[in-house]
Amino acid sequence: MTAATLKPRRFALAADDKPIVIASAFIVVLLMIGTGYTLATQGTMTLLSPNYLLQQLQIGAFLGVVAAGMMLVILIGHIDLSVAWTLAAAAMMATTVGGAWAIPTGLAVGLTVGVINGLGVAYLRVPSMIFTLGVNAVMRGLMVAHTGGFAPQTAATDLMRFLAAERIAGIPMAIFVWLGVSVVIAIVLKRTVFGRTIYAIGNREAAAYLAGMHTRGVIITAFAACGMLAGLAGVLLAGYSTKAYQGMGDAYVLPAIAAVVIGGTNILGGRGKYLGTVVGVILIVLLNSVLSIMQMPEAGRQIIYGVVIISMLLVYGRNQRVTS
Amino acid sequence: MTDRDAQPLLSLSKISKRYGGVRALEDVDFSCSAGSIHAILGENGAGKSTLIKIMSGVVQPDTGSMTLTGTPRRFLSPAEANAAGVVCVFQELSLMPDLSVADNISIVGPPTRLGLIDAKAQRRRAEELLASIGCEDVNPLLNVRDLPLSRRQMVEIAKALGKKPQLLILDEATSALTNSDVATIYEVLKRLRREGLSILYISHRMHEIEELADRASVFRNGRHIETFPMGRYGHGEIVELMIGREISAQYPPKVKRERPAPLFEVKKLTWENRLRAVDLSIGKGEIVGLGGLDGQGQKELLLALFGVLKGVTGEVTLDGKPALPGSPAEAKAPSRRIALIPEDRKTEGLMLPMSIAENLCSASLDALSTGPFIDRTKEEVAITDAIKRLQIKIGSPGDAVATLSGGNQQKVVIAKWLMTNPRVILLNDPTRGIDVGTKQEIYALLRQLADKGAAILFYSTDYDELIGCCDRVAVMYDGAIKVELEGDGITEQALIASALNIDAGAAARSGHGVHG
Amino acid sequence: MTGSTPDWLIRLRQNAGLASAIALFAAFYLVYNMAHPKGFSPQVFVQNADEAFALVMVAMAQTLPVLLGGLDLSVGAVMTMVNCLASHLVVGSPLQIFFGMTACIAAGAAFGFMNGCIVVYGRIQPIITTLATGAIAIGIALFLRPKPGGKVDEDLSWALTNGLGDFAETYHLFDDGKAAWFQPIAGIPVAFVLLILVVLIIWVPFRRTVIGRTVYAVGSAEGAAFMSGLPVNQAKLAAFTLAGVFAAIGGLFLAIQTSSGNADIPQANSYTLNSIAAVVLGGTSLLGGSGSAIGSLFGALILRVISFNFRIFDIPPLMQSLVEGLILLAAVSLGGLRVLRIKNRLELFR
């Protein structure tokens, strides 16, 4: 065993790359289909114009930030259904506070909710599905109480708008934010003790605990990060729409889970690469945009959306651990 | 003492089975007859459990054939075997914890009325079956989850009897039973024998076998050694058949020397009612064995010393400083450096789908990282060293650890802890289900580690290992250490006598010379 | 633990979750009726039964996959899909109406069966399978009803969403419901009777079949169930199919109640999420193996009666979510306190 033979395959399960390759190929196919359609109907290649693609990535950034957090939680074998109202609460509190403290407030709201989720799951060992569902309902109730159920009148701060909607050198700032989050998460998962512990917990929590890993702390931190990223997405989304609104997070929960799973992360935890989640997000955003270019009615979009998830998983998800 | 060799009920011919690289059964011919209780004897790993798994359809043999009352049969599932009248009561319980006792007993083919399960008839059936084994105190309405282990085992037996077996296989089915239950079961089994059933009885308790069986077969290393009517051999001879003659050479030599000063001391360690004021001390460079029958608190002692159990009282010192950890993370901290090789490597020792490299580093990440980041150079060096040191046979460190053989997996678990450079090493039956070659490597390694100054506490269900490896053996009984054997005093006789908590001389005379 | 414990006590202990759900519901409902100016009257019962019916059905639907140890994120969507289908089919001659209703239930069953097939043969986790098929069901609903609308037979709508007396009057039974013997029961809500019928005709028999018991066995210990030779795959298929049937009944009633179809995505999601909450409040373990659809029925009733109380006490209905969430968290956290009693930390991971 020499260092030379050690290097190339280290920690890289070939099985982890397959979903990423297939999903990427599907993205190319989507672009081709969409472009073929626009060429045939309008004689243009709208879909391939850099500007259009950047715009799609900008929209994808919000989902991407949520999915990054969701992935951490799914990797430890849990799920966070509270991101919908965590996101909305962060946006509403950020716009309410306003000024320089707007963004820190939004992030703090997300962090707090995440820590509560983590405590419930790590200490009370309540199934995360139901605990986060309860927390989601509570957050919704609190926000409705806070706003009186109406659209909040407060507006996003300039900085929020800048981060979400402005461009630098023609590239939307939101993409930079997503990129920043992605780099951090990718490094954390791949290079840090925390990341390694996340995978270990997702594979076999008992073994991770007996290896002397700080399992509870890592579970709480993963939920906290997920909450904080949902908060960040809320801040960005409020900046993009210039204000917060009721139910603004509802459209992000299930797509975020879908993006993570399409990217090859095992829904039961323990396996998956961050790159896959990015690919999953892009796939979902592009699928939506191609369908809207083709003026597909909502009905067809939903059906195709479901069929795509199922077929992707049938192609590469069959080797997943079967329950028990 | 019937002998009906003429007409075997079930017979196996030239059966072989391998798991990965490990040979579980090799060319086995075996048969059992109606109206007899047939004991199967052998050490752990002798192939007993594979044999009964093949008979009852849980696994299929690689080669060989099986006939039932003269007809060739092949059971592809336990259900098929049951339908043919071959029913096994397994060691691992097959009950559904959330269903009631009555549901479990009639889980297959329940009494129905108009196509629906007839709860009343099902309950009557359960009551009758439970009564037939003296278990009237179990209410069939209760969920199995709410029963103590001994009652569950009785329910399991009732369930098996409900299937109207021709061949009933009992695999350590009495291990958790109370004495009065065991007496009832004896009567039931003798009655069933009179009724013409064939019963295969696997137990590590020699006196049970003496009382019940009319024939016995000895297995060793996956081979059927001999079948004989009970009474032909004395205990000593039976034990020799089970052990074979090629033992002692596989252990590294022990060096006679003065008992070293204690490094790791345990005083009055108590937990729930499972550990009762355990006193123990291990010196630097010493290997201390934990003996006794299974379930006398040995596992709990190791878990308590590793910080897994809550509410442990007593004193633990390492080098004179208090060292009772509150969690595994504290146990492995640099101030203590305690390591535990856990009982079940697949669920407690390894993250099976993760790579060999990731598993190896999982206990020593703190030492291998700078700040929050894992230092890849350090990691690589450590992994290469560990693989070389334990001679783990692998393709690439990036492969999933699940792809390795059992022995190599166990080496990964051990290597993972050696990377933390432990001062105290706790081992929970580390050679279970491992091939002989790897076992020998592990024995040699333990001695080497001790020589380098580690204190080792080694629990094994295999008495040979305790005799061959340990400088001292502490024998546990009912949550406390009853006897400490030392040097030449560590004999099979002494181990068994103290495990049963009886006087060694009496044991020598009656010769309870069987071990697991 | 031994024979000395009376049977009723054992049954009570085994159904502690169900019992506390019933008690909680009874307490809330009592408070509501006492505060209501027309409390304890048939009109109030009828209105309550109508409002609760669909959620009860969806909660019962969710119970089956949960008993298996899975989850069905498509129940709300299937309900919505059938709701839209019913707004097309449940009109016309009595025979047409009958076939229309049958087709609606069959559609739900077929959709549930498809979920089951993907889970069993595609070996994809239930939660992610139904996340995707839920989108498909919503798509079909939108295809059937791009905009809210449609029509349901008016007589049927009137008859099923009022008291038994109105039902008899509509269909000219028992002297138009005027028969003297009929009067004592004339005020009973039809929805309530339907609920009882669904429980008695579908759930109770199912639980007593081998397949039904296998559902519990799989959730309790799938390995042991398989080793015992139980029909594991059939049980999974049956559970998802039955979930589809229950969701379809809910959707059908919703159409009859509102006389229209509406492919309302937020509504579908909220039904799905509420169904999970109802299942847990009803004492069914999310790990599978224990609980019952009857528990979920009461779990759903608890959720509904909370909103009734909000109305009667003039609390802004928007606060409802907060209270629901807190009750749910309190219920699961109380259950979580048992963790403190565990002395061997390895048992936490099982």
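Yeah, the Cβs are placed from backbone N, Cα and C, and that goes for glycine too.
Note that TrEMBL annotation is computational and uncurated.
So that you can see what the record holds, here are the features copied from TrEMBL:
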| type | residues | note |
| --- | --- | --- |
| TRANSMEM | C:12-32 | transmembrane segment |
| TRANSMEM | C:52-85 | transmembrane segment |
| TRANSMEM | C:97-121 | transmembrane segment |
| TRANSMEM | C:127-144 | transmembrane segment |
| TRANSMEM | C:185-206 | transmembrane segment |
| TRANSMEM | C:237-256 | transmembrane segment |
| TRANSMEM | C:276-306 | transmembrane segment |
| TRANSMEM | C:318-340 | transmembrane segment |
Under 8 Å, at least 3 Cβ pairs, sequence separation 6 or more: does that hold for the transmembrane segment (C:185-206) versus the transmembrane segment (C:97-121)?
no
Considering only Cβ pairs within less than 8 angstroms, which of the stretches C:12-32, C:127-144, C:276-306 has the most against the transmembrane segment (C:318-340)?
C:276-306
Among C:12-32, C:52-85, C:127-144, C:276-306, the most Cβ pairs under 8 Å with the transmembrane segment (C:97-121) come from C:52-85
Hey, which of C:52-85, C:127-144, C:276-306 has the most Cβ-Cβ pairs under 8 Å against the transmembrane segment (C:12-32)?
C:276-306
By a Cβ-Cβ criterion of under 8 Å, what residues six or more beyond either terminus of the transmembrane segment (C:276-306) are in contact with it?
15-18, 20-22, 24-25, 28-29, 32, 48, 51-52, 55-56, 58-60, 62-64, 66-71, 195, 199, 203, 207, 216-221, 246, 320, 323-324, 327-328, 331-332
